[in-house]
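Going by Swiss-Prot, these are the annotated features:
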- 9-91: domain 'Phosphagen kinase N-terminal' (DOMAIN)
- GLY64, VAL65, GLY66, VAL67, TYR68, GLU225, CYS271, GLU314: L-arginine binding site (BINDING)
- 119-356: domain 'Phosphagen kinase C-terminal' (DOMAIN)
- 122-126, HIS185, ARG229, 280-284, 309-314: ATP binding site (BINDING)
Amino acid sequence: MADAAVIEKLEEGFKKLEAATDCKSLLKKYLTKSVFDQLKGKKTSLGATLLDVIQSGVENLDSGVGVYAPDAEAYTLFAPLFDPIIEDYHKGFKQTDKHPNKDFGDVNQFVNVDPDGKFVISTRVRCGRSMEGYPFNPCLTEAQYKEMESKVSSTLSNLEGELKGTYYPLTGMTKDVQQKLIDDHFLFKEGDRFLQAANACRYWPTGRGIYHNDNKTFLVWCNEEDHLRIISMQMGGDLGQVYRRLVSAVNEIEKRVPFSHHDRLGFLTFCPTNLGTTVRASVHIKLPKLAANREKLEEVAGKYSLQVRGTRGEHTEAEGGVYDISNKRRMGLTEFQAVKEMQDGILELIKMEKEM
């Protein structure tokens with residue numbers, strides 16, 4: 001049972017949400033009085049409460065979603081709040097649906113989407129993973145952060161061939177290494193206000209680090225927003241090459257580190273927007289003609305379930321007409337389908353740009 005002080009804070013937070021008439025978050029939409037009353041006293045076996053779930057969305061009323069899972073059990077215990085939010089965000093993933101088993105499919109179906117190199121600047125495919133037996137950021141102790149980092153770095157040090165590389169802990173990182181990683185756009189910063197408010201940045205930078213291979217086409221973030229972010233990327237539009245590299249890396253890491261998986265929700269992550277396949281396949285792409293008509297761009301993107309963001313990701317502008325375009329759907333379809341959807345959409349956008 002959650003203690004009185006927590007419940008009092010929850011009551012205050014609920015009042016604040018109710019009063020915020022211009023708040024458009026999914027948290028506000030689905031945290032009804034009856035759901036709130038049903039959940040406010042509950043506590044996971046690791047001690048997480050509804051407060052851990054909603055505090056970021058209460059503090060940041062401009063959140064799009066507004067909830068995070070403090071541990072794996074939270075998705076089950078606080079399901080009356082998470083399930084409708086998941087259904088709303090992952091359009092059509094109903095509360096009775098079950099995410100399919102992992103399936104990377106025929107990796108040779110992926111191609112270079114821009115062989116002439118006129119439109120696509122770079123291509124990236126990433127996935128998130130949580131290590132079994134550990135809670136998510138807000139509930140991790142300093143000792144757990146250190147333990148996880150040592151498991152991850154020793155696992156990665158066994159990678160061979162194209163994936164072979166170096167692990168750089170954030171703790172005690174020299175200014176030179178730091179600058180080098182910033183120049184390569186590899187270094188992640190301490191979380192933004194949304195993550196800060198979710199208590200995702202405790203004991204920073206303990207247990208956080210970055211691994212990359214020698215060609216800088218394969219990257220792993222340790223204990224950023226998720227326990228692991230596994231990233232494959234390169235300049236140009238060869239999605240096939242990028243995808244194949246990611247798949248081989250995930251399979252290698254999984255042999256040594258068991259991942260948190262949920263029967264219904266797929267692979268578990270800190271933020272419910274990343275559940276399921278956890279896969280985000282994206283390109284940085286120049287579409288000057290389509291970009292002049294943002295509505296048209298959004299319309300085609302919507303048809304292929306693509307998400308259009310600014311150049312530097314979420315909450316940013318398109319610099320020099322360069323957009324970050326990715327698959328929006330991560331749940332209720334396989335890894336193969338998620339990336340295929342993105343490939344089909346990008347090919348269509350390029351075709352339209354050429355015809356304009």
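For all residues, glycine too, the Cβ spot is worked out from N, Cα and C.
With every protein chain in view, the residue among the binding-site residues ARG229, ARG309 whose Cβ has the most Cβ partners within 10 Å turns out to be ARG229. Listed binding-site residues: SER122, SER282. The one with the lowest count of other Cβ atoms within 10 Å of its Cβ is SER122. Here the candidates are the binding-site residues SER122, VAL125, ARG229, SER282, ARG309, and by Cα distance the one nearest VAL65 (L-arginine binding site) turns out to be ARG309. Residues of the domain 'Phosphagen kinase N-terminal' (9-91) grouped by DSSP class, helix first, strand second and coil last, total 48 helix, 2 strand, 33 coil.
Taking a C-beta cut-off of under 8 Å and a sequence gap of six or more, GLU225 (L-arginine binding site) has these contacts in its own chain: GLY128, ASN137, GLY191, LEU195, ALA200, PHE270, CYS271.
In the three-state DSSP assignment, the secondary structure recorded for SER122 (ATP binding site) is strand. Put simply, of the binding-site residues GLY64, GLY66, VAL67, TYR68, the one whose Cα is nearest the Cα of SER282 (ATP binding site) is GLY64. Ranked by Cα separation from GLY64 (L-arginine binding site), the binding-site residues SER122, VAL125, ARG229, ARG309 are led by ARG309. Secondary structure at ARG229 (ATP binding site), as computed by DSSP, is strand. When Cβ atoms from all protein chains are considered, those within 10 Å of VAL65 (L-arginine binding site) total 18, not counting its own.
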